[in-house]
Amino acid sequence: MNPALDPSRSSAVLASAGTGKTWTLTGRIVRLLLAGAVPGGILALTFTRKAAAEMRERVVARLEELAYADEAGLSAALAELQAPDDDAHRQRARALFEDYVHAELPLRASTLHAFCQELLGRFPLEAGVPAGFTLAEREDEYLAQAIEQVLARLHRAPDSAEAQALDVLAQEGVGEWELRELLRGLLQRRAELWAATEGSEAPLETLSTALATRLPYSADEDPYGAVDAASCGFRISMLHGLLQELGDTQYVKAAALAGAHELQGPERLAALLTALYKKDGSAPYSFKPPKKRYTEQQAATALDHHAALLEALGLSLEALRRHSTYRRTRAALTLGLAAMTALDEILRRANALLFPELEWQTCRLLSSAEQAEWVRYKLDARIEHLLLDEFQDTSPLQWRLLKPILDEFAADPTRGRSAFVVGDAKQSIYGFRRAEPQLLELAAQTLEQQLAAVRLPLNASQRSAPAIIDFANTLFLGEAGARIGFDAHETRREGLYGAVEVMPLFAAGERDSPDNDGGLRNPLTTPRETGEDRRAAQEGEWVATRIQALIAARTPVTGRDGASRPLHYGDVMVLARQRRHLGALERALGAAGIPYLSATRGTLLDTALAQDLLALLAVLDAPHRDLELAQALRSPLFSVDDHDLLALARRAEDAKQTWFATLDDCLERPALARAQRLLSRWRGLARRLPPHDLLDRIADEGDLVRRCRAARPQDSAVAANLAALLQLALDSDHGRYPTLAGFLRHCAGLRGDAAPDEAPPAGGEARVRVMTVHAAKGLEAPAVFLVNTAPGARAARAGWRIEWPIGAERPGLVVLTGSKNDRDPLSQALVDAEQAREQREDLNLLYVALTRARQYLFVSGFAPARGEAEDSWHARCRAAAQALTAAANDSADTPPQLLHYSRGQAPAVQELPASSSTERLDPALLRPLRAQKPATDSSLAIAPEAVLRGQLVHALLQALSTPGEVDRARLPVRVASQLGTAIAPSLYAAALAEAEAVLTAPALQAHFAPGLRAWNEVSLPVLGDEGLQMNVIDRLVDDGERLWVLDYKTHRTGDAASVLEGAREQLLRYVDAVRRLWPGRPVLAGVIWTPKAQWLPLDPSA
């Protein structure tokens, strides 16, 4: 039984990896609906849009299953949900899907931030936020603006408090780069500062007082008092005398202490440090008086004086560190609070909120004494059931935000409301986002105490084979498991075959030495390769070889139905703790011909498509950019070859003008002529259209996707990346005053993780997935390679430490800690606490990585430059594998040092497709497509010369009827480049005469008169029997009363009746389409028979 499915009780589910957390959550939602809850009364919150979308999709799928299952299937589904199988529940289950679809208010399954945004949007006045605010996601851009404003203000006001704070930091050795990083770090944690200073009119004093109390610090304290004391001076003299009389020790010399007793303050402290401490200041020298020269009494006296001096020196050093911590923190807070004020003003002008502002304003709205009761009353009326997913990722501020809602639930137990919390502290890997896994336990206790909730631990995996579970249990036995709260796991897939392999580290060897071929490396083209790089390449080659071996061996992959098939590339996932060295692995996969998909973030703007389009936009924004124009011309959009590009460059140099202007002089070259025509049009559009619309026109008119696919067949993500770039253009200004220059600046400002991701390739080709462990959260694969496992946890660094006790309303302390040798006891305690948290999170990350594997796990690594850490992932995995293989004697047939553990019998594979779908295909998709019906009349056979003549007449009519001055001298070259072929002078002259006769014919003047509202070459999607066709109306005229559809016919055979009859069906389709665009307007159509310059009107009723 699963009590978490009981809709009448609140629940706290502690679900380990792969134990069916999402199934339980969605099952509870279905049980709530089955029990009579309305969709709009259920609020389910998670932390990512993807997880929220998956939650909604799974709920809908389960409701569909209940609606369409046969009688036996419905009984099985109700039993799985632990719901009664009576007539009432069966009838209710059948109706759930329809009720859900037609519900007045839908199920709210969203992110916490979306919930906050909705709430602030409903109560902007109560929250004190601007109505109609936008949510800005590019935080780094706003933080940089705020920092620059504060630094610029320092130059204008050198006597301000901020300028004085800068002087203090400069004295502490803080440089410009460190200053920017300190301010950025504090701005990123501004919500914690708001909480710490809530209700205070003097935030700086509030924070400073709390720090002074805890250090402790007093401005009246003399940090040099201990070394300046008379007793210390006496000790210095006595020890100096003994050393001078009896001789120096190995490290402490009489000369170093000479005259120190006459000094005071910093000078005496510096003299004692030089005499008694190591040069790096990390520890005192050892002091051992030589027994040959010192009697026992003399040695004891010397040791006593030395110990007393070290004690005085230690007291003064500790006092100085406390003073330094206070001064440094207060100075940095002074600048940081100024930056927070600047950021607030920047966001106010932009009418925007960032995520921390969103959370904090919602928190204030739900907890402030003035507004909270009214807001909670309105909110309480809609929320009957609350479900919180991935609770281990909750921050203290988010817990404070959610706590009032849970308190409101407990205030009225008669309403039958429920709360559900699910998470796993072992999978908390987002400490850099302030996630606090201990809040999961606090939330469980809160639900137990206030709502009589049931606590349910889930440790039985529905995902992994016994071999994987054995490995995880062995690895996390003892102190590692105790640190992350690990309990022994079980698996529901007992018969599933699986294996674990741990490779020895790739250590330094021959390949690690630089080549001695006497060659020189060009540093501009060839990066320096380190030994670590070469070892990473070795590991990448091994991973590629092992994957190929798994494919060749037809390694079995067993589905939940028990059928086994050969492993394919899409079954493999490669995980790393960090992105460094993943490039070497991807190069190895590529060299081996293994298709892979990299989840490296922020790569959209690095794709060839994006770079080419951004270069083109830069030219349209500023045509003098010759370099960007060269890149655009060489792109698949124009495909200008080197010969044409060199000719353009020479002519531009001779004419002393830009390449863009010189394009007008190169129309005899078809590729350049096409580029000139398109660029001139897009240059005009760039002044009027927003970036998104301009890019859309470029893609359409330039036939971008088809040309890119033809030029780069291996790039399967062209269409997806184009869509991502269009979305980026749409989002760049949040709909406010978009400009091309602004979009280009926006793209230039996107760096690293702030940049959008490259879209995954379309199609179903199986590919190895390469990603970090963070990116793999929530994913799984039959085979997982865990690479680069030798590095240990990083050492603690100087920076901000904010102490927010578990369950407390607000942080108690904000400290800017110094470097290792400059930390007072309080700072060191905070650093140690954070280091312990990071070490726990490092173990959590390893746990997440291991539990992504369903059947096969491969662990490898290479020796880092500083050697393998004792607590590295590889060391822990090696120890676990050794314990398992020793117990199972399972490594007899494996290569030396390779540790292999397997459990179960490998099944025989069946010839199944790599991936299969149970979804039924629409039969229409299986029918062969018929060729598109041509837009021109094909009733008569047309010779190639006639085709060219017809195309030429069409092109001339288009050019001559377009408003504006026509350069007749260049018209032949322009038309030839448009058609992509050479044109004989006689043919051109005949076609020109025919076109001019049409334009000057009295019967046709109504369609070509100057000042008419008309369009040439109108692309129009027309839906016919053969499906959607893209046809082109030669000319569309709006005379103010009627719309005219004109179609040019150029063939010389037949009579007027046959020409019109051949175009009838086509014209009727055009008329129908135009009427849809202009409903209520009369639409007429006809043929202009160009050889006769004759108008042939269409009679629709004939």
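Cβ coordinates are placed from backbone N, Cα and C, and glycine is handled just like the others.
Annotation source TrEMBL lists domain 'UvrD-like helicase ATP-binding' at 1-465. Per TrEMBL, ATP binding site is recorded for ALA15, SER16, ALA17, GLY18, THR19, GLY20, LYS21, THR22. Among the features that TrEMBL reports, domain 'UvrD-like helicase C-terminal' is placed at 493-778. Annotation source TrEMBL lists region 'Disordered' at 509-538. The compositional bias 'Basic and acidic residues' annotation in TrEMBL covers 529-538. What TrEMBL lists as coiled coil is 826-853.
There are 23 other CB atoms within 10 A of the CB of GLY18 (ATP binding site), with all protein chains counted.
Below 8 angstroms of C-beta separation, residues 16-18, 214-215, 321-322, 325, 425-429, 431, 437, 461, 463-464, 468, 471-472, 475-476, 480, 483-484, 486, 498, 573, 575, 577, 773-774, 776-777, 779-784, 786, 793-794, 796, 801, 803, 813, 815, 817-818, 871, 873, 876 of the same chain, each at least six residues beyond the ends of the coiled coil (826-853), sit close to that stretch.
Averaged over the coiled coil (826-853), the predicted model reaches a pLDDT of 95. Neighbouring residues of the recorded ATP site, listed in sequence order and excluding ALA15, SER16, ALA17, GLY18, THR19, GLY20, LYS21, THR22, comprise THR24, ASP424, LEU458, SER461, GLN462, ARG463 (Cβ within 8 Å of the Cβ centroid). THR19 (ATP binding site) counts 23 other C-beta atoms within 10 Å of its own C-beta, drawing on all protein chains shown. Non-local contacts of ALA17 (ATP binding site) by the CB criterion (under 8 A, 6+ apart in sequence, same chain) comprise ASP424, LYS426, GLN427, SER461, ARG463, TYR847, VAL848, THR851.
Cβ neighbour count for GLY20 (ATP binding site) (all protein chains, 10 Å cutoff from its Cβ): 18.
Least packed by the Cβ count within 10 Å, out of the binding-site residues SER16, THR22, is THR22.
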